[in-house]
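Enquirer: Attaching a single structure in structure tokens format; questions to follow.
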Amino acid sequence: MIFFNEEKLIKKLDKTRLPQHVGIIMDGNGRWAQKRGMPRVYGHKAGVNAVREVIRSCRELGIKYLTLYAFSTENWKRPKEEVDFLMDLLVEYLSKEVDELNKNNVVVKFIGDISRLPEKCQIEIEKAQKLTEKNTGLVVNIALNYGGRDEIVKATQNICKKVLNRELSPEDITEDTITQHLYTASQPDPDLIIRTSGEKRLSNFLLWQSAYSELWFTEVLWPDFKKRHLIEALLYYQTRKRRFGGV
């Protein structure tokens, strides 16, 4: 019945009006586990299945860019045991999934301050990016140790260095200058941002890039997020008239 409903929903989609870039704030892993009387870390493990499904669904539907908010600059405040588990889970996910992603022509990129992550994570990240860099299909950005404010600060610092080195004049700095110094330089801004778990805020996610993004919030907890929920978000997106500040 679920697959039948998915097919009915897909038929409603206008394939000519799909977003190029979808961003997802993957929220609710801990609550998913707690509702089942399990430690929070089990929710993170269950969330990997949702990551796998949403990547497959975006490929099938023809989405070109997908950005997943996996670990924020603020998440270091969580208990050490939980942070350590998340880092181990990242290594496990990449070691198991990257060959399949590569086979499916997916480009894997990581955005955020990767230098602060454990060395074992950095090694797997480097392997994944190198293996998939020449692919031409869906681009998956995984935001790790990422914060929108931090990204803007780092972009500003790099621009200031260019001004000091006389590579750039202050008068020539434009919005596009800042855009080209962000982690997502050369990619389109997200057309649609999805947040699971019922929370209704951006939580420091793609702050510069989301200026004109459509926002879709769902009560569904991340481990329960399926293809049909993604299609519901896309159908909502297609009801919106995007004016970008115009009439």
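Placed from the backbone N, Cα and C atoms, the Cβ positions cover glycine too.
The shown structure was predicted, so the numbers you read here are calculated from the model rather than taken from an experiment.
When I checked Swiss-Prot for this same protein, it listed these features:
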| type | residues | note |
| --- | --- | --- |
| ACT_SITE | ASP27 | active site |
| ACT_SITE | ASN75 | active site, proton acceptor |
| BINDING | ASP27, GLU214 | Mg(2+) binding site |
| BINDING | 28-32, ARG40, HIS44, 72-74, TRP76, ARG78, ARG195, 201-203 | substrate binding site |
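Describe the structural surroundings of these features, if you would.
Expert: Following the DSSP three-state reduction, the secondary structure of ASP27 (active site) is coil. The Cβ neighbour count for ASP27 (active site), using a 10 Å radius and every protein chain shown, is 24.
Counting every protein chain shown, the number of other Cβ atoms lying within 10 Å of the Cβ of ASN75 (active site, proton acceptor) is 16. According to DSSP, ASN75 (active site, proton acceptor) is assigned to a helical segment.
Note on GLU214 (Mg(2+) binding site): other Cβ atoms within 10 Å of its Cβ, all shown chains, come to 18. DSSP assigns GLU214 (Mg(2+) binding site) to a strand.
Just so you know, the Cβ of GLY28 (substrate binding site) picks up 25 other Cβ atoms within 10 Å once every protein chain is counted.
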Enquirer: Provide the three-state secondary structure of LEU202 (substrate binding site) computed with DSSP.
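Expert: The three-state answer is coil.
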Enquirer: Fewest other Cβ atoms within 10 Å: which of the binding-site residues TRP32, TRP76 wins that one? Let me know.
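Expert: Across TRP32, TRP76, these binding-site residues, the one with fewest Cβ atoms within 10 Å is TRP76.
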Enquirer: Three-state secondary structure of ARG195 (substrate binding site) from DSSP?
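Expert: Going by the DSSP assignment, ARG195 (substrate binding site) falls within a strand, counted as strand.
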Enquirer: Compute the C-alpha separation of TRP32 (substrate binding site) from ASN75 (active site, proton acceptor), stating it in Å without decimals.
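Expert: Each residue's Cα considered, TRP32 (substrate binding site) and ASN75 (active site, proton acceptor) end up 18 Å apart.
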Enquirer: Quick one: which of these recorded positions, THR73, ASN75, TRP76, ARG195, LEU202, GLU214, have their CA within 10 A of ASP27 (active site)?
Expert: ARG195
